[in-house]
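Record features, source TrEMBL:
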- 15-123: domain 'PH' (DOMAIN)
- 129-164: domain 'EF-hand' (DOMAIN)
- 165-200: domain 'EF-hand' (DOMAIN)
- HIS300: active site (ACT_SITE)
- ASN301, GLU330, ASP332, GLU398: Ca(2+) 3 binding site (BINDING)
- HIS345: active site (ACT_SITE)
- LYS447, LYS449, SER524, ARG551: substrate binding site (BINDING)
- 495-611: domain 'PI-PLC Y-box' (DOMAIN)
- 611-739: domain 'C2' (DOMAIN)
- ASP708, TYR709, ASP710: Ca(2+) 5 binding site (BINDING)
Amino acid sequence: MDPEGSCVQDDPDIKVMMAGSTLRKVKSRSWKKQRHFRLLEDGMTIWYKSRWAGKGHSTFSVTEVEAVREGHQSEVLLSIAEEFPADLCFTLVFHGRQGNLDLVADSPEEAQAWIQGVRKLIHKVQTMDEKEWVWDWFQKADKNKDGKMNFKEVRKLLKMMNVDMNEDHALHLFTMADKSESGSLEIEQFVHFYKILTQRDEVWKVFQDYSGDGEKLMLEELENFLMMGQQEGERSAQLAQELIDSYEPSESAQEQGAMSLDGFQKYLCSQEGSIFKPEQRDLHQDMSQPLSHYFISSSHNTYLLEDQLRGQSSLEAYIQALKRGCRCVEVDCWDGSDGEPIVYHGHTLTSKILFKDVISTVKEYAFKVVLCKIISDRQNNHFAVWQASDFPVILSLENHCGVEQQTIMAEHLSQILGDMLLTTVLDGQVPQQLPSPQELKGKILLKAKKIGGLEDCIDETLTDEVSDEEEANGDAESPSAEDPPKSKSKLSKELSDLVLYCKSVHFHGFEQARLHGKCYEMSSFSESKAKRLAKEAGTDFVQYNTRQLSRIYPSGLRTDSSNYNPQDMWNVGCQIVALNFQTAGLEMDLSDGLFRQNGGCGYVLKPDFMRDGNTQFSPEKPEERPDYKPLRLSIQVISGQQLPKVNQKEGSIVDPLVRVEIYGVPQDQAKEETSHINNNGFNPVWNETLNFILHTPELTLVRFVVEDYDKASRNDFIGQFTLPFTCIQAGYRHIHLLSKDGTPIPPSSIFVNISISELT
């Protein structure tokens, strides 16, 4: 038995989980049912069933659980707080968009055992090396628990692992690993069998190209590989020694200052060998420029978990968006029947939540930690690295309330947020340009309508009539367009006074904004209007966005919460490009890709030609830029590793292909794909080269997509990874794939060789 596994199973909390507990599963105030939960012998699967139902039971894997929250940390558990104290309650939060599981234990001790036990198992999963990963599969497949597996069982296990291999080849390797000639493999022998099975010829070939004796890379040879193969330049000498220290498992090779094939493969599969430049992942950009000089991660209808007609409004949706690095959230406010403002999608059947609860949730999670990267150490253990974004959060208020409840909103904002809420202009001056993310660290800003401007000394009793900008604009956000188009809404002075740098105004054209616009005035544009302006007056839009913020939102016709392509809006420098975070797909992949850089802090500095107020840049004519330098991007797609099964049917193996998609200015949009490989999700080899020309590399995003080819119907999605072109490392690199929800699916990857050159 594996030592790591045994020490986990000797843990007192894990023992409680394995013995099983009766926990209440809670779905609402009225739906609370007892279920028997226990951890199965594999130490990874949690099984539960109703105490009364016959055979019906459910299971989920610890790998699906992202975190455990203690106490009343969900709407459902808050709603039953009077009935069940916090020390009995906990919530299991799943990766991606799977709903949470709210549970109540019979005693505080039992609750703690499950809370701590699940946390220990999550940590074990995050730090599993390949050997443990293989061991885990072996455990799952060893049905009679005798610690051995014959060839037939091994073949079945390989199918589970998405390996479809030639039977003669598999038998040959099996016989080599079966040292005792017993016709079956024990765990250690199976690990050895798996190792020879996963030896990668394509990595060995690269190794051979640079190694003098074919056995090892001496320090100088490794330096040469880093210089020529990886285009690491000046730092190659220093890096070579660091890589040997970090990734070489053999002590004798380390002493010789050499790297074995094992160490070489470990380096190539690590974060340092990944396609993403490590220094670009960390917070490294200048954060002292005006807010208008940044792209800002922004969410639309943040309160929704599903569609916009019947979906559930939820505090959980705010938590998920903020944890994903979102820095601008939307709050749709309506008069509540008991004097408390509510948040929901007006005139629809979406459920309602209290405004004050939304503000409390934002306070709790605005500056909490977010997952910024997964790193691996020299043993190839993977660690999640979390870090907080201290940069400002903007609350985008869609205000449909009467004056009375607006005043209540202002009270809630002030009382709940306290010092976090920005209530006075910095240094007491009327600004000539917006403050920077650096100056606004830890602050929450309100985006809403305002009576007068920052210049005005406002009479204490004033309330003003302001028409709703979107409705006056004929660009209503949603079904609320059915309101009378020119409906005048009164503004509460208390709420108006809280609006400083994000005053909502109606857009009257670029000329008017150039002559009279204030830097703290911002407008919202529907996707169709923004797209039209970008096409007709691209340069004007870019110039406007150097000084003022603009917010783009999805068309009101997108009742299914689908998204538009944000790239069109970033091309003209729009900062607050709001997307439905609850909807997975290409558009959220692009958003996650853009904001993966700079520490995942939710702010990305725009290229310099989009920050100069006199810029003449037009995305329609990139070649007219003074420092126009097109680049050639060449991607050799070499191989794939351990791609996940998409079709769960017994015996089904994927036929993978790789597509590279380029998003950027209109001339750069392109897609190229490899051919598909039949029946191999384990180690497909393509060796095909895809070429692209980039006219505006600074705005380009590159998306790698792996699909399961199907000649009869649409291809199935297997995995993807999206990143800014400026963050790509040239050379031999691994791309670690993500699921549809943007969560890692280790150990799935694609191996590529990338070269970037100037177009002559």
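Just so it is clear, glycine is given a Cβ too, placed from its N, Cα and C backbone atoms.
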Other C-beta atoms that fall within 10 angstroms of the C-beta of GLU330 (Ca(2+) 3 binding site): 25
Cβ packing number for HIS300 (active site), 10 Å threshold: 28
Candidates HIS345, LYS447: member of the recorded positions with the richest Cβ shell (10 Å): HIS345
Length of the line joining the Cα atoms of HIS300 (active site) and ASP710 (Ca(2+) 5 binding site), in Å: 34
All-chain count of other Cβ atoms within 10 Å of TYR709 (Ca(2+) 5 binding site): 15
Cβ packing number for ARG551 (substrate binding site), 10 Å threshold: 25
Rounded Cα-Cα span from SER524 (substrate binding site) to TYR709 (Ca(2+) 5 binding site), Å: 41
Local Cβ density at SER524 (substrate binding site) - other Cβ atoms counted within 10 Å: 25
For the domain 'PI-PLC Y-box' (495-611), the mean pLDDT of the predicted model: 96
Neighbouring C-beta atoms (10 Å sphere around the C-beta of ASP332 (Ca(2+) 3 binding site)): 25
Spatial neighbour of ASP710 (Ca(2+) 5 binding site) that is closest, considering only the binding-site residues ASP332, LYS447, ARG551 and their CA atoms: ARG551
Shell list (Ca(2+) 5; ref centroid = CB of ASP708, TYR709, ASP710; cutoff 8 A): VAL654, ASP655, PRO656, LEU657, HIS676, GLU707, LYS711, ASN715, ASP716
Count of other CB atoms lying within 10 Å of the CB belonging to ASP710 (Ca(2+) 5 binding site): 13
Integer Cα-Cα distance in angstrom, GLU330 (Ca(2+) 3 binding site) to LYS447 (substrate binding site): 9
For LYS449 (substrate binding site), the number of other Cβ atoms found within 10 Å of its own Cβ: 20
